[in-house]
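Taken straight from Swiss-Prot:
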type     : residues                                : note
ACT_SITE : H91                                     : active site, proton donor
BINDING  : F25, A59, F60, E61, A83, V84, I85, F116 : 5-amino-6-(D-ribitylamino)uracil binding site
BINDING  : G88, T89, R130                          : (2S)-2-hydroxy-3-oxobutyl phosphate binding site
Amino acid sequence: MTVKVVEGDFLQGASAKYAIVVGRFNSFVVESLLEGALDALRRHGVAESQITVYRAPGAFEIPLLAQQVAVRTKPDAVIALGAVIRGGTPHFEYVAGECAKGLGQVSLQSGIPVAFGVLTVDSIEQAIERSGTKAGNKGAEAALSALEMVGLLQQVGE
């Protein structure tokens, strides 16, 4: 007897429709995340006509916009991008926690994969490193996660 293993790949998601929800706050970092995500999708055969970018004011607003996009436009996946940088107040914990929790709820309630590309970092330097320099581009990684999940969900139940 052989165990069946189901895994996603990056090819099955090429014909899918993607929504990218981007927080504008900390735009100097977020724009690099967006470019990374768009580049990753294009490199894997996703046409620009299959991608729509929605801009939220900041990370706290991303979950609601992602939820409405999921419900109203029914993309195959949502890619959430933003940057929350720790400061001297508890604001970071509130925004980062609610954003992560909200996006998880959107995914579970809608049945649409939501890839988490929202940086939650301690410093501007860490944000820059994770948006295309030393630590790669987390926007590109989120796009690859979305591609893989689309392919994986297509196989569930086959």
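Note: Cβ is positioned from N, Cα and C throughout, glycine not excepted.
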Largest inter-residue Cα distance among G88, T89, R130 [record-listed (2S)-2-hydroxy-3-oxobutyl phosphate binders, Å] = 23
Whole-number Å value for how far F25 (5-amino-6-(D-ribitylamino)uracil binding site) lies from G88 ((2S)-2-hydroxy-3-oxobutyl phosphate binding site) (Cα to Cα) = 17
Surrounding CB atoms that lie within 10 Å of the CB of F25 (5-amino-6-(D-ribitylamino)uracil binding site), all protein chains | 18
Expressed in Å to no decimal places, the gap between the Cα atoms of A59 (5-amino-6-(D-ribitylamino)uracil binding site) and R130 ((2S)-2-hydroxy-3-oxobutyl phosphate binding site) is 16
Using Cα coordinates, what distance in whole Å links V84 (5-amino-6-(D-ribitylamino)uracil binding site) and H91 (active site, proton donor)?
-> 10
Taking the Cβ of F60 (5-amino-6-(D-ribitylamino)uracil binding site) as the centre, how many other Cβ atoms fall within a 10 Å radius?
-> 19
Span of F25, A59, F60, E61, A83, V84, I85, F116 around 5-amino-6-(D-ribitylamino)uracil - largest C-alpha separation, Å | 16
Neighbouring C-beta atoms (10 Å sphere around the C-beta of T89 ((2S)-2-hydroxy-3-oxobutyl phosphate binding site)) | 8
How big is the gap, in Å, between the Cα of E61 (5-amino-6-(D-ribitylamino)uracil binding site) and that of T89 ((2S)-2-hydroxy-3-oxobutyl phosphate binding site), rounded to a whole number?
-> 19
Ten-angstrom check, please: count other Cβ atoms within 10 Å of the Cβ of R130 ((2S)-2-hydroxy-3-oxobutyl phosphate binding site), all chains counted.
-> 24
